[in-house]
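**Q** What follows is a structure written as structure tokens; I'll ask about it next.
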Amino acid sequence: MTDLLITNAKPYGEEAVDLLVRDGVVAEIGTGLTAEGVGTLDAGGHVLLPGLVDLHVHLREPGGEESETIETGSHAAALGGFTAVFAMPNTDPVADTAVVVEHVRRRGEEVGLVDVHPVGAVTTGLRGEKLAELGTMVSSAAQVRMFSDDGRCVNDPLIMRRALEYASALDVVIAQHAEDHRLTGGAQAHEGAIASRLGLAGWPATAEETVIARDVALAREAGAALHVCHVSSLHSIAVLRAAKAQGVRVSAEVTPHHLLLTDGRLTGYDPVNKVNPPLRTGADTQAMREALAEGVIDVVATDHAPHASQYKDTEWAAAKPGMLGLQTALSVVIHTMVEPGLLDWHGVAQVMSERPAEIGNLPDQGRPIAVGEPATFALVDPDAQWTVRGAALASRAANTPYEGMRLPGAVVATVLRGRITARDGKVVA
Ligand code: DOR
Ligand code: ZN
């Protein structure tokens, strides 16, 4: 049923209104609205936002189902307030052909809780050697609009140049995991005082900054859209600011964990804190917050990276990098951005819904809350507090870095084109 009467909701935290939804579209906004024979959602005076859009998740299917599936990941997404996610191609097999991206898209539609948009690989097998068939994936039933080798960097400048030229011609975006592998050498701790003290090999911030600098030059030349994944270093901000000032088509994301967590957490060698790019310093997290508020960083994307316990409950060097993000993202953004006054609710809608939908080229997501627009929403209780428990999250894996933390803000309901997909912490199948 896609007819729905939502009562007592505060769009962007403003005046409370009722919204009448017909066929998945907002038909009327007013007060004291009534309707016969439609489903109802009492919004309890909570904040109504456009449904959240995540440009960067790992759903692990196909091939990594011990860590996550499209079904469990869709549950986590709906519970986190998301109505669209972009699934990264570092699966097994890699999503570098029409067959694989079509499978991911179809499976997402079968589960039906969130729009799952497959990201296609830039290079065959993510090996960085040969361009994948981007055009075939674009014109496939999966309608791929974003390509990335995420997990790895497209390190070869000639391959990156060609990818951007194709992206320009195909009107798609290349999302770069900016990490010069020659500089990081596989290290997974921020190069600095803490890594030295702990005897961990260092991942220098310059490995990110130099790739971004190179890529914005290539994107400018190609006239292509470049998206920089998970910016983590304050030095990268200056490069992005300069590129944007020159009119380069570049956008950037920051993860919730790079807004909140620092390398100070590494002292216990707990691999739950191992992530790529690594947690950096307090100066970096502060710079990320300011850049997001200023718009130099466009969006928050989770880099939701589930790993089954056998990949995480091991020593630091052997553990896989990555952390869960879908069900905690909004709370971390409220804590790091809304509470200190860096973003209001319009700002949250911008960085978690509107801009991601624009960058990912999704015409019916990230839309204003208005008559004639899709009824695709996240309803948020900003005053709620909750304690994170990995075991209670919907993901198949439990690798949350926020275990035991109390976080503000709870998603009360998620609505996708008039259909309630999550309510009071439970998925509505
Ligand atoms: O921490 C990370 N985990 N960073 C990546 O780039 C890839 C991701 C994964 O796939 O687990
Ligand atoms: Zn990445």
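Cβ atoms are placed via backbone N, Cα and C, with glycine included.
Checked TrEMBL, it gives:
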type	residues	note
DOMAIN	45-233	domain 'Dihydroorotase catalytic'
BINDING	H56, H58, D150, D303	Zn(2+) 1 binding site
BINDING	H58, L59, R60, N90, N276, H307, P321, G322	substrate binding site
BINDING	D150, H177, H230	Zn(2+) 2 binding site
ACT_SITE	D303	active site
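Give me the structural setting of these features: burial, nearby parts and distances.
**A** Counting only same-chain residues six or more apart in sequence, the Cβ atoms lying under 8 angstroms from the Cβ of D303 (Zn(2+) 1 binding site) belong to H56, V57, H58, C229, H230, T255, H257, V275, G322, M323, G325.
According to DSSP, H307 (substrate binding site) sits in a coil region rather than a helix or strand. Around H307 (substrate binding site), the same-chain residues at least 6 positions away in sequence with a Cβ under 8 Å from its Cβ are S67, A319, K320, G322, A397, N399.
In the three-state DSSP classification, H177 (Zn(2+) 2 binding site) falls within coil.
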**Q** Beyond H56, H58, D150, D303, what residues of that chain have CB atoms within 8 A of the centre of the Zn(2+) 1 site's CB atoms?
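**A** For the Zn(2+) 1 site, the extra neighbours are V57, M88, G151, C229, H230, A301, T302, H304, A305.
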**Q** How big is the Cα-to-Cα gap, in Å, between N276 (substrate binding site) and H177 (Zn(2+) 2 binding site)?
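**A** Cα-Cα, rounded: 9 Å.
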**Q** Near N90 (substrate binding site), which residues of its chain come within a Cβ-Cβ distance under 8 Å, counting only those 6 or more away in sequence?
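**A** Spatial neighbours, sequence-distant, of N90 (substrate binding site): H58, A121, L126, D149, D150, G151, R152.
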**Q** Running a distance check here. Ligand 2 versus the binding-site residues R60, D150, H177, G322: which have CB less than 6 Å from one of its atoms?
**A** D150, H177
**Q** Quick check for the class: what is the C-alpha distance, in angstrom and rounded, between H177 (Zn(2+) 2 binding site) and P321 (substrate binding site)?
**A** 14
**Q** Of all the Cα pairs drawn from H58, L59, R60, N90, N276, H307, P321, G322, the residues the record ties to substrate, which distance is largest, in Å?
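**A** That value is 17 Å for the farthest Cα pair.
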